[in-house]
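Asker: The [2Fe-2S] cluster binding site feature in Swiss-Prot is assigned to 34, 45, 48, 67. The [4Fe-4S] cluster 1 binding site annotation in Swiss-Prot covers 99, 103, 106, 112 and rests on sequence analysis. The annotation [4Fe-4S] cluster 2 binding site is assigned in Swiss-Prot to 151, 154, 157, 201. The [4Fe-4S] cluster 3 binding site annotation in Swiss-Prot covers 228, 231, 235, 263. Taken from Swiss-Prot, the feature domain '2Fe-2S ferredoxin-type' applies to 1-83, supported by sequence analysis. If you look up Swiss-Prot, you'll see 83-122 marked as domain '4Fe-4S His(Cys)3-ligated-type'. Taken from Swiss-Prot, the feature domain '4Fe-4S Mo/W bis-MGD-type' applies to 221-277, supported by sequence analysis.
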């Protein structure tokens with residue numbers, strides 16, 4: 001710690017920070033533009049000027065940029081010095097010479113950092129009366145709108161996009177006061193993290209195009225703390241609603257998880273919530289709409305006296321899955337995961353529970369100095385993990401700078417010292433990945449061969465690990481190099497997962513973790529699982545969806561209740577058809593119109609994450625609560641959307657002719673926690689419904705929320721009472737606590753007086769860029785218990801394909817491989833058409849060129865798909881894009897036959 005003196009007051013700060021960060025962490029206001037907590041300091045904008053003095057006797061001082069000045073012990077500065085204030089005001093005035101006067105029509109208005117800083121400096125009159133420079137805007141795709149005339153040349157966008165996120169297609173062009181930030185030509189931004197430009201940019205150059213179609217100001221939206229359902233990373237989000245529609249998603253700061261950034265699937269994939277074809281009223285197969293009571297009575301009549309299987313879902317909350325389990329009984333509750341996937345998730349859970357190495361948070365991943373990714377294309381399967389791994393490789397430059405006594409926040413100096421030096425990253429994958437540019441070495445092979453390399457790495461680290469027989473010299477040498485790098489590191493990281501449908505990859509990663517622990521390495525093990533609640537569902541229990549369908553087909557059960565799951569996306573259609581035909585009753589509760597919904601005798605409209613509350617468990621084992629953003633019945637009383645657990649419990653009560661016991665979320669959460677030992681901690685994932693600050697509930701709406709009394713004027717001139725939330729500590733109102741002075745974990749939206757932009761998160765943190773003052777949201781359910789794993793010995797044989805027989809393997813796409821986000825219109829523009837990928841050698845042998853139409857038979861399913869030649873894919877492999885339309889599920893690892901050019 002260090003003592004600095006600010007305007008005569010002695011204050012304790014972190015001496016490793018710069019003055020800007022230190023002062024902001026103290027709650028003091030200094031305007032800034034180019035600095036960002038995740039990007040460091042470059043001193044480009046000159047906005048954060050303060051007066052620095054030699055000591056308490058110095059009355060003259062000198063102006064310095066606070067972001068470029070260390071917070072050294074004994075530093076004397078003044079923020080309120082008149083010369084400094086005049087300097088800061090003049091900087092804003094210079095920026096305004098070319099900035100348009102378009103705040104009323106600018107989509108950044110109301111959450112604009114430039115507006116905040118302009119007000120903070122006191123600039124309120126423009127004296128510049130001459131021609132402004134103008135630019136041509138670009139079409140950057142379906143996610144980002146571009147208005148270059150608003151640029152203030154802070155360089156944040158390119159520093160984030162190129163230096164932080166690793167993008168290559170956004171740059172800066174021009175010179176002096178006429179620079180242009182964009183692409184060489186119009187086109188879709190290629191980075192999977194481009195959406196963060198909308199929050200990184202302090203002005204309205206880059207704005208959310210998905211919000212533009214139905215735009216409103218930030219102060220006119222209703223928010224709630226939520227969790228992204230797009231993958232298993234568990235990123236925290238703030239969805240905003242107006243008039244019963246989700247309008248945008250903003251990043252919600254969690255210092256242990258996503259910090260300041262989201263992937264584009266998580267930010268822009270919310271459109272399925274607003275789809276017109278969603279189930280909104282209970283409906284019979286003939287199209288008859290029912291009310292709430294009639295639907296429950298009908299469902300009870302259909303199910304009474306029958307043996308019911310309940311099929312849950314890894315995209316549904318723990319509470320909803322538990323509600324289904326209580327309805328049908330634990331014996332007849334099924335997880336909803338395909339058999340192979342469930343086995344792999346269970347294996348991952350067992351490994352994490354008993355691993356000798358801890359499970360890292362997303363933020364922890366950034367602090368490792370050697371990484372081995374085994375079998376995962378992280379950018380496509382867990383994008384936010386990929387971004388964290390990219391930051392881990394860049395830690396080498398910071399370490400080199402530290403050795404030269406250069407502060408890590410001096411961004412340009414650190415890069416100059418590092419000269420592109422990176423910590424070692426090794427990637428073993430099917431084909432090329434978006435992280436290859438920062439990898440020391442990459443190897444591409446079949447899943448079995450990747451696993452063999454992993455087992456060989458473990459043996460090279462510790463000879464007591466099982467050896468791999470028949471490994472060729474090249475692979476053995478690679479395994480030795482990977483092992484040497486992991487052992488040489490202070491904090492190595494191993495990342496694997498379930499994606500390639502081969503449990504041997506997880507077992508190999510577990511062996512590496514055990515070997516590293518035996519070498520006394522302070523490492524970590526991270527395992528990627530498929531969906532938002534896959535790990536939580538494995539903790540809750542339940543067999544596979546295959547077993548559920550078998551039970552119906554065999555006559556063991558004659559009724560099916562499906563919760564938030566499309567069975568046709570899990571197992572082959574023929575098996576689903578057989579089970580649904582055998583079932584006397586099929587009831588589906590879901591928030592989206594799926595093929596399974598179309599086959600239901602009764603559909604119950606379930607809440608999406610925006611209309612309900614619940615708990616998810618991320619791949620880290622972190623239980624996190626998501627909260628209802630809005631009540632859909634407020635604007636349309638005919639809507640009967642309810643959380644899955646409410647439907648299930650009400651149906652159970654109707655069947656048993658008993659009163660409803662679970663009247664609020666806390667009741668079902670507590671019951672679920674008691675039923676599954678590993679889920680006992682979920683009650684602590686968020687405050688209870690009784691939580692208050694200064695006697696008030698927490699406001700979902702900003703103080704300036706407008707139009708509430710007029711929103712239903714077209715329905716009735718009589719204003720109803722606002723919805724009452726009995727489930728949580730939040731109010732559907734601006735009436736409640738919304739400030740930053742009182743520490744709290746669950747923050748619906750970031751706002752503080754004078755801070756309307758996302759930079760308002762400064763006011764909620766223990767130190768800027770650190771953690772929330774009340775602690776980061778969520779509770780970890782998995783903590784390392786020491787080494788309780790034995791060596792995994794089932795090492796697969798080498799992949800040796802027979803001529804004319806291929807093996808199907810999955811390629812993943814951030815846009816398209818996840819079910820719900822693929823229903824969002826902007827995301828659909830980014831989803832590729834279905835294809836089949838082959839190695840160049842295989843294409844040559846078949847005599848076909850790129851784009852040729854091929855026919856093939858995989859697991860009994862005939863397909864006709866265009867060819868994509870992949871230079872990195874191994875021989876004997878046929879890659880198919882998982883989740884894309886036309887690609888059947890549960891085929892990966894199966895044999896492919898009849899591969900040939902299709903007859904025209």
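Residue numbering: from 1, along the chain as shown.
Keep in mind that glycine also has a Cβ here, set from the backbone N, Cα and C atoms.
How about a rundown of where these features are and what they're close to?
Answerer: In sequence order, 18, 19, 20, 21, 32, 34, 35, 41, 43, 48, 409 are the residues near residue 67 ([2Fe-2S] cluster binding site), counting only same-chain partners six or more apart with C-beta under 8 A.
Note: residue 106 ([4Fe-4S] cluster 1 binding site) has non-local neighbours 112, 147, 150, 204, i.e. same-chain residues 6+ apart with C-beta under 8 A of its own C-beta.
The Cβ of residue 201 ([4Fe-4S] cluster 2 binding site) lies under 8 Å from the Cβ of 108, 156, 157, each of these being in the same chain and 6 or more residues away along the sequence. Taken residue by residue with DSSP, residue 201 ([4Fe-4S] cluster 2 binding site) is part of neither helix nor strand, so it is coil.
Following the DSSP three-state reduction, the secondary structure of residue 235 ([4Fe-4S] cluster 3 binding site) is coil. Of all Cβ atoms in the shown protein chains, 27 besides its own fall within 10 Å of the Cβ of residue 235 ([4Fe-4S] cluster 3 binding site).
Beyond the ends of the domain '4Fe-4S His(Cys)3-ligated-type' (83-122), by six or more residues, the same chain brings 29, 31-33, 45-51, 63, 128, 130, 132-133, 145, 147, 149-150, 152, 177, 201-204, 207-208, 211-212, 215, 217-219, 754-759 to within a C-beta distance below 8 angstroms of the stretch.
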Asker: Where residue 103 ([4Fe-4S] cluster 1 binding site) and residue 228 ([4Fe-4S] cluster 3 binding site) are concerned, what is their Cα separation in Å, rounded?
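Answerer: Just about 31 Å between their Cα atoms.
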Asker: Between residue 231 ([4Fe-4S] cluster 3 binding site) and residue 154 ([4Fe-4S] cluster 2 binding site), find the distance joining the two CA atoms and give it rounded to the nearest Å.
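Answerer: Residue 231 ([4Fe-4S] cluster 3 binding site) to residue 154 ([4Fe-4S] cluster 2 binding site), Cα-Cα distance: 33 Å.
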Asker: Other than 151, 154, 157, 201, which residues of the chain come within 8 Å of the [4Fe-4S] cluster 2 site, judged by Cβ distance to the Cβ centroid of those residues?
Answerer: 152, 153, 155, 156, 181, 200, 202, 203, 205, 206
Asker: If I take the Cα of residue 263 ([4Fe-4S] cluster 3 binding site) as reference, which of the binding-site residues 45, 99, 151 has the closest Cα?
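Answerer: Answer for the nearest of the binding-site residues: 151.
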Asker: Other than 228, 231, 235, 263, which residues of the chain come within 8 Å of the [4Fe-4S] cluster 3 site, judged by Cβ distance to the Cβ centroid of those residues?
Answerer: 230, 233, 234, 258, 262, 265, 266, 382, 383, 384
Asker: Would you please pick out, from the binding-site residues 157, 228, 231, 263, the one with the fewest other Cβ atoms within 10 Å of its Cβ?
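Answerer: Per-residue Cβ counts within 10 Å for the binding-site residues 157, 228, 231, 263 bottom out at 157.
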Asker: Give the distance between the Cα atoms of residue 228 ([4Fe-4S] cluster 3 binding site) and residue 154 ([4Fe-4S] cluster 2 binding site), rounded to the nearest whole Å.
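Answerer: So the alpha carbons of residue 228 ([4Fe-4S] cluster 3 binding site) and residue 154 ([4Fe-4S] cluster 2 binding site) sit roughly 30 Å from each other.
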Asker: Using the centroid of the Cβ atoms of 34, 45, 48, 67 as reference, list every other same-chain residue with Cβ within 8 Å of it (recorded [2Fe-2S] cluster site), in sequence order.
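Answerer: Nearby residues not in the site list: 20, 32, 33, 35, 41, 42, 43, 44, 46, 47, 65, 66, 68, 154.
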Asker: Around the [4Fe-4S] cluster 1 site formed by 99, 103, 106, 112, list the extra residues of the same chain whose Cβ is within 8 Å of the site's Cβ centroid.
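Answerer: Sorted by sequence, the hits are 100, 102, 108, 109, 114, 115, 150, 203, 204.
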Asker: Closest to residue 154 ([4Fe-4S] cluster 2 binding site): which of the binding-site residues 45, 99, 235, going by Cα position?
Answerer: 45
Asker: Taking Cα atoms as reference points, rank the binding-site residues 45, 151, 235 by distance from residue 99 ([4Fe-4S] cluster 1 binding site) and give the first.
Answerer: 151
